[in-house]
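*Asks:* Annotations for this protein, taken from Swiss-Prot, read as follows:
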TRANSMEM  5-25  transmembrane segment
TRANSMEM  52-72  transmembrane segment
TRANSMEM  77-97  transmembrane segment
TRANSMEM  122-142  transmembrane segment
TRANSMEM  149-169  transmembrane segment
TRANSMEM  176-196  transmembrane segment
TRANSMEM  201-221  transmembrane segment
TRANSMEM  227-247  transmembrane segment
TRANSMEM  253-273  transmembrane segment
TRANSMEM  302-322  transmembrane segment
Amino acid sequence: MLEQGLLVTAGVAFLISVALSPLFIPFLRKLKFGQSIRDEGPKSHQKKSGTPTMGGIVIYVSMMVTSLIMAIKFNHLGAEVSLLLLVTFGYGLIGFLDDYIKVVKKRNLGLTSKQKLVGQLVIAIAFFLIGKGQAFHTYIMIPGTDVKFELGWAYFVLVLFMLIGGSNAVNLTDGLDGLLSGTAAIAFGAFSIIAVAQEQFGVAIFCMAVVGAVLGFLVFNANPAKVFMGDTGSLALGGAIAAVAILLKQELLLVIIGGVFVMETLSVIIQVISFKTTGKRVFKMSPLHHHYELCGWSEWRVVVTFWSVGFLLAVLGIYIGVWM
């Protein structure tokens, strides 16, 4: 019965997202909340300038409302769901402020790095202090085994790293039409299956609400995108997926299921280190998806390829997390 409820959860979130988007996009246009495009980015992206951004509000509302209602309906509104809603709200708010500054102040960089980091730290610390001992414990498990390592207060550092790093990694992936929407749906779908296997149905409900919300948004975000999610959506999704991995005790498995996000982040780190130490760039441009664009791949080809890689990694993650 609950498995059917999970499908209903995804369906409801999808319908809300699809229904809200056509109403919200003209509203964003009226407010002139259009995305500005970096001059140093691929030239093909200049035509996207002015496309409405902050569409992540649609994802945010769809998944928050649906997960809350369905968790209450199935009596699974526990500490886990509450923590997930807290992280999603907190990181979504940071993203909203970042987007607002970009579109209103016409500053493409939005919040300063320091301002963003402070906000992310506050949310991560609150997550740890509220959840420790109640929703999760301070050990990590080796995926596919019963081996666990108690980290004690070192786990606090891991939580901060995962939430801040996860939100920024997902944010880096949001550079092509539909890229993040598709990869996020795949990753959250994988974690929902693992959550069901662990009988953590509240977490599963939340994950399926995200799947439905981002797939509904993808209808309008696929190439050519009518709207971008902005940091409002990407930071919220990044913080949420890291929190899900922590609550399921699949911290290490996040590296596999979120492999696309990891590759995007590593490409930026490698690029920066290489340029600062040798004066040469490893990639034509980072994050990685832009490298393939400049290699002559069409935007759609890059997106579908990354979706495919994300799907294969998700299947591997499910196999390790459920059947090994």
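Note that Cβ sites are derived from N, Cα and C of the backbone, with glycine treated the same way.
In terms of burial and nearby residues, how do these features look in this structure?
*Replies:* Listed as Cβ neighbours of the transmembrane segment (5-25) (distance under 8 Å, sequence separation of 6 or more from its ends, same chain) are residues 52, 55, 57-59, 61-63, 65-67, 69-70, 73-74, 192, 196, 204-205, 208-217, 219-220, 226-227.
Using a Cβ-Cβ cut-off under 8 Å and counting only residues 6 or more beyond its ends in the same chain, the transmembrane segment (52-72) has close neighbours at 5, 8-9, 12-14, 16-17, 20-21, 24-25, 28-29, 33-35, 81, 84-85, 88-89, 92, 95-96, 99-100, 102-103, 202, 205-206, 209-210, 212-214, 216-217, 220-221, 226-234, 236-237.
Only residues 6 or more beyond the boundaries of the transmembrane segment (77-97), in the same chain, are considered here, and those with a CB under 8 A from a CB of the stretch are 54, 56-57, 60, 63-64, 67-68, 71, 110-111, 116, 119-120, 122-123, 126-127, 130-131, 134-135, 163, 167, 171, 200, 202-203, 205-206, 230-236, 238-240, 242-244, 247.
Nonlocal intrachain contacts for the transmembrane segment (176-196), taken as residues 6+ away from its ends with a CB within less than 8 angstroms of a stretch CB, comprise 3, 6, 170, 203-204, 207-208, 210-211, 214-215, 217-218, 221-225, 229, 233-234, 237, 240-241, 244-245, 248, 250, 253, 257-258, 260-261, 289, 293, 299, 302-303, 306-307, 310-311, 314-315, 317-318, 321-322.
Under 8 Å from some Cβ of the transmembrane segment (201-221) lie the Cβ atoms of residues 2, 5-7, 9-18, 21-22, 25, 55, 58-59, 62-64, 66-67, 70-71, 74, 76-78, 80-81, 84-85, 177-178, 181-182, 184-185, 188-189, 191-192, 195, 227-229, 233, 237, 240, 244, 247-248, all in the same chain and six or more residues away from its ends.
Counting only same-chain residues 6+ beyond the ends of the transmembrane segment (227-247), those with a CB under 8 A from a CB of the stretch are 21, 24-25, 28, 35, 51-60, 80, 83-84, 87-92, 94-96, 98-99, 102, 110, 120, 123, 127, 131, 135-136, 159, 162-163, 165-171, 173-174, 180-181, 184, 187-188, 191, 195, 200, 203, 206-207, 210, 214, 217, 220-221, 253-254, 257-258, 261.
With a cut-off of 8 Å between Cβ atoms, the residues of this chain six or more beyond the transmembrane segment (253-273) that come close are 143, 162, 165-166, 168-170, 172-173, 183, 187, 190-191, 194, 238, 241-242, 245, 281-283, 286-289, 291, 306, 309-310, 313-314, 316-317, 320-321.
Remote same-chain residues near the transmembrane segment (302-322) are listed as 143-144, 176-179, 182-183, 186-187, 189-190, 193-194, 197, 223, 248, 250, 253, 256-257, 259-260, 263, 289, 292-293 (criterion: CB distance under 8 Å, separation of at least six residues from the stretch ends).
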